[in-house]
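Okay, structure first, notes after.
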Amino acid sequence: RENFIHLCNPHLEKMKEDILYHFALGTGTHDFPTLFGDVKFVCVGGSPSRMKAFIAYIAEELGLGGPGCDYPNICAGTDRYAMYKVGPVLSVSHGMGIPSISIMLHELIKLLYHAKCSDITIIRIGTSGGIGLEPGSVVITRQSVDATFKPQLEQVVLGKTVIRSTNLDEQLAQELMQCSKEIGQFNTVIGNTMCTLDFYEGQGRLDGAICLYDEEEKLQYLKNAYDSGVRNIEMESSVFAAMCNLSGVKAAVVCVTLLNRLEGDQISSSHDILVEYQQRPQKLVGYFIKKSLGKV
C-alpha cells in the first residue's frame, strides 16, 4: 500500500463517520470511492475563481469539456473552500496563508484516503513575489524555507514545538522543469521558496500599516535570502510540503512571480498582464498532466 495515502492518525479508524466540515462532505453522507476514487492529480490554489478557471482549462486540454461547459462546486454547501473535478483531476481552493491551507489539507488528505486513491500527485499553483527574477518567471520549489531560510516548518502541538521537513519531491520538480522546456513560452527556474506568516512585515515590505525598518535593511534581508537560494516568497508552501511528506504524497509547488522584490513592493502591472502571468503555472501543470496521461 505504499502508493496509497498514509494517515498519521490512528484515532480515525475508531470513528463511525468522518465529517469533513469545511468541505461540507462526510463519509456517512457521500460515497467517496465513487466520487473521487479515480483522482490521480490534485491541484490547489488560493482563489476559488482561479481553481474553477483551472478545471475548465484542464477539461478542454484533456478533451473532457469545452467552452461553455459548467463545472459545479462540489463544496457548494460551504463558503470556506471550492472544489471542482473533471476526469482524474481535482481542483481545490485553499485560501490565503498557512492556517487556511492547513485546514484544507487535513480534510483533502482524509478525502483521498477515504476514496482509496493511489499514486496521487498534488501540486500547488499560485502567485508569489520574486527575488532577482523578471516578473512573470515561474518558480518550481526545491525546498520551502522559513523566514530565517531554514527548510522546516515550526509548529506548536500540545504546547511543544514540533519541527517538520519541508523538502519537496526532487524528481517531480525535474519533470515539471522538463515540461517547461518543452513548452518554451516563459522563464522557469528551480529554487527555494520562502514561506512567511504574513504579506507585509514578514516579507520585508515598506508599504504596510506598520514598518519599523528602513529600505537598506529590507534590501539586505532580501539579498541574504537570494544568496541562500530563495527565488520567491509566498505564504503556504511550508505546511503544504510538510503535510504531503507525512502523508506519503508526491508534491510540488509551482508559482509565478508577479514582481521582483529587489525593485519594489507593490504590484503595478496591468490587469491583463497579471492575468496572463497567473495562467503560466496552469499551462505548465496542465501540460505535465497531459504528458503524464500520454496525451502530448
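Here the Cβ of each residue, glycine as well, is placed from N, Cα and C on the backbone.
The annotation phosphate binding site is assigned in TrEMBL to Arg80, Arg124, Ile125, Gly126, Thr127. The substrate binding site annotation in TrEMBL covers Gln203, Arg205. For 40-289, the entry in TrEMBL reads domain 'Nucleoside phosphorylase'.
Mean pLDDT across the domain 'Nucleoside phosphorylase' (40-289) comes to 97 in this model. Counting every protein chain shown, the Cβ of Thr127 (phosphate binding site) has 21 other Cβ atoms within 10 Å.
Among Arg80, Arg124, Ile125, Gly126, Thr127, the residues given in the record as binding phosphate, the maximal Cα to Cα distance rounds to 20 Å. For Ile125 (phosphate binding site), the Cβ neighbour count at a 10 Å cut-off comes to 26, with all displayed protein chains included. Taking each Cβ in turn and tallying the other Cβ atoms within 10 Å, the top scorer among the binding-site residues Arg80, Arg124, Gly126, Arg205 is Arg124. Within the same chain, residues at least 6 positions away in sequence whose Cβ sits under 8 Å from that of Gln203 (substrate binding site) are Gly129, Met194, Thr196, Ile233, Arg261.
Separation of the C-alpha atoms of Gly126 (phosphate binding site) and Arg205 (substrate binding site): 20 Å, rounded to the nearest whole number. Distance noted between the C-alpha atoms of Arg124 (phosphate binding site) and Arg205 (substrate binding site) is 24 Å.
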